[in-house]
Amino acid sequence: TVIFTRVATKDLHKPISILFCNLAFSDLFTSFSGFWISMLFITNPDITIFGSKDMLAPYALYTMSILSTIYNLVSIGIERYLAVAESMKTRFRVARNHSIAAVFINWVLAFFLGCLPLMGWNCLHTGKNVSVLYSPFCVDYLIFIGIPNVVVAFIIPFFTYLRIIIILRKRKLRMKACGQATGTYKSAEIQVARTSIFIWLLTLISYAPFFAGAIFDATNYRCHVDLYPGVYIFRNCTAMLITMNCLGNPIIYTLKVKTLGAKLMALKCLSTNR
């Protein structure tokens with residue numbers, strides 16, 4: 001629904017809309033790859049527990065989709081910061097070319113990192129350092145992928161949205177000192193704060209268990225059979241939470257974007273009138 005609406009509506013062909021549409025594509029691929037893994041689990045549960053060559057492609061697509069989603073969320077946060085921070089300046093504007101370049105870089109990076117197991121970084125033949133939850137992936141690959149990207153997913157959006165709130169508050173205080181109305185800035189500040197809280201909670205609930213599973217993989221040395229079925233129920237729950245993130249993103253970034261966009265446009269119109 002998000003993709004078709006964005007493509008069909010000409011008024012939504014803006015730089016931020018390109019990022020929103022690409023986020024919807026990433027969520028679609030994440031859901032598709034999760035469905036693929038679920039079908040493999042239903043038809044042949046053993047290969048999803050003990051690992052098989054057949055699991056490399058769906059796990060690689062799953063990893064690539066998750067990484068693309070994370071990079072898109074970071075790109076949206078940076079774009080929102082630039083839209084607010086530069087709203088009173090004319091020397092720089094986020095154009096469609098910038099968004100297209102960001103989308104291209106996000107997918108290239110996600111594709112390269114996600115396909116490393118297909119290029120040979122797996123434990124199919126060695127049998128050492130193999131992941132318990134995501135066999136035949138290697139533990140060091142999961143740590144290499146998991147820790148940096150989880151840090152990126154939490155740190156960069158935190159600073160970008162916090163910086164937006166600080167900028168709006170400073171402008172509100174500046175206008176209040178001049179005796180001008182500050183209702184627009186106050187509304188925008190509340191909306192950004194509310195949206196950023198939703199983003200943080202959704203990201204925390206969705207990816208923290210997956211990160212905990214990667215840490216468990218790195219510190220666990222027991223066999224697959226010894227951990228069955230509790231650990232694999234936990235793994236399935238982490239996949240469900242990531243899917244819930246795909247469902248939550250359109251709610252946060254699409255249904256609420258009209259209100260947030262109206263506030264940002266009001267800020268630009270106000271600065272233009274001044």
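Cβ atoms here come from the backbone N, Cα and C positions, even for glycine.
Database features, via TrEMBL:
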type: DOMAIN; residues: 1-253; note: domain 'G-protein coupled receptors family 1 profile'
type: TRANSMEM; residues: 16-39; note: transmembrane segment
type: TRANSMEM; residues: 59-78; note: transmembrane segment
type: TRANSMEM; residues: 99-121; note: transmembrane segment
type: TRANSMEM; residues: 141-166; note: transmembrane segment
type: TRANSMEM; residues: 197-216; note: transmembrane segment
type: TRANSMEM; residues: 232-255; note: transmembrane segment
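By the Cβ criterion (distance under 8 Å, sequence gap of 6 or more), the transmembrane segment (232-255) is not counted as touching the transmembrane segment (99-121), fewer than 3 such pairs being found.
Away from its own ends, the transmembrane segment (141-166) comes close to residues 63, 67, 70-71, 73-74, 77-78, 80-81, 84-85, 113, 116-117, 121-122, 131, 134, 189, 192-193, 195-196, 199-200, 203-204, 207, 210-211, 214, 217-218 of its chain (Cβ-Cβ under 8 Å, at least six residues beyond either end).
On the 0 to 100 pLDDT scale, the domain 'G-protein coupled receptors family 1 profile' (1-253) averages 79 in the predicted structure.
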